[in-house]
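Written out below as structure tokens is the structure these notes cover.
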Amino acid sequence: MTIPYNSSLQKATFFLTGFQGLEDLHGWISIPFCSIYLTVILGNLTILHIIRTDATLHEPMYYFLAMLALTDLGLCLSTLPTVLGIFWFDAREIGIPACFTQLFFIHTLSLVESSVLLSMSIDRYVAICNPLRYSSVLTPARIIKMGLSSVLRSALLILPLPFLLKRFQYCRSHVLAHAYCLHLEIMKLACSSIIVNHVYGLFVVACTVGVDSLLIFLSYALILRTVLSIASHQERLRALNTCISHICAVLLFYIPMIGLSLVHRFGEHLPRIVHLLMSYVYLLVPPLMNPIVYSIKTKQIRQRIVKKFEFVKS
């Protein structure tokens, strides 16, 4: 299918794609997706509710966890309408303004998550390497500034992407490979040169995810050096145990991202369903697993959740 260029951008549309060739099974496929979305929403709302209502959790570590939960919730909600719309109603058509809006939120929230993970690694670094200054360094005002700077940095860097895409004429096939809009996929449908989009996309990734991952690695190198200098074996384990949940969150975010990048770069010969599944893993697994990991591995969160369930039962 092709779409002639229309000077009125409002009238131009793209077509989203579910699991091509399995359209008759979309109703059944929607069941696990609905379960995942419901778990993501309930899990992250539970984390936010526990932190908001329990005064003993009003500490920097849990404020950053609340930021992570909010980001995961937003990322989940940004893809939910189009994904379930395809599975339930075969609603494949999406206007270009709506597509660019979804693209903006998906990419912005992905970068915000990377920034929040960096903030959480700074929190662990200060707590372990300089515990006496923990409360004076990570004050509520500074935490708010870190959160706002994460959002502003991500939004300002992603904001040019819709405008860079808007200048193109889309005269090729306008069928997207996923059930949501992504910058890399849309720019490939353009008729003219996309070199500016390529270069700017690489710049954004390098100065956000690239820098964040490098600083996270550096913070853990310093944490490990401090932990190894502790004489007591038990104290070493105790210090490292406070980092396990965050390390899991970092791995849950970066491993699917790296895997998706490798599949796009070297996996052209792979079945199309592999590309689809990797993209869903990248967008849905971190928001799904982060609340579970923190509920299991963080004693304070686990205890509060158990108390809430006991209260509801009583």
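Positions of Cβ are set from backbone N, Cα and C atoms, glycine also.
As written in TrEMBL, here are the features:
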type: DOMAIN; residues: 43-294; note: domain 'G-protein coupled receptors family 1 profile'
type: TRANSMEM; residues: 28-51; note: transmembrane segment
type: TRANSMEM; residues: 63-88; note: transmembrane segment
type: TRANSMEM; residues: 94-122; note: transmembrane segment
type: TRANSMEM; residues: 143-165; note: transmembrane segment
type: TRANSMEM; residues: 199-223; note: transmembrane segment
type: TRANSMEM; residues: 244-267; note: transmembrane segment
type: TRANSMEM; residues: 273-294; note: transmembrane segment
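It is 273-294 that, among the stretches 28-51, 63-88, 94-122, 143-165, 273-294, forms the most Cβ pairs under 8 Å with the transmembrane segment (244-267). Sequence-distant contacts of the transmembrane segment (63-88) (same chain, six or more residues past either end, CB-CB distance under 8 Å): 16-18, 26-27, 29-30, 33-34, 37, 40-41, 44-45, 47-48, 51-52, 94, 102, 105-106, 109-110, 112-113, 116-117, 119-120, 123, 140, 143, 147, 150, 179-181, 249, 283-284, 286-287, 290-291, 294, 298, 301. Across all of the domain 'G-protein coupled receptors family 1 profile' (43-294), the predicted model scores a mean pLDDT of 94.
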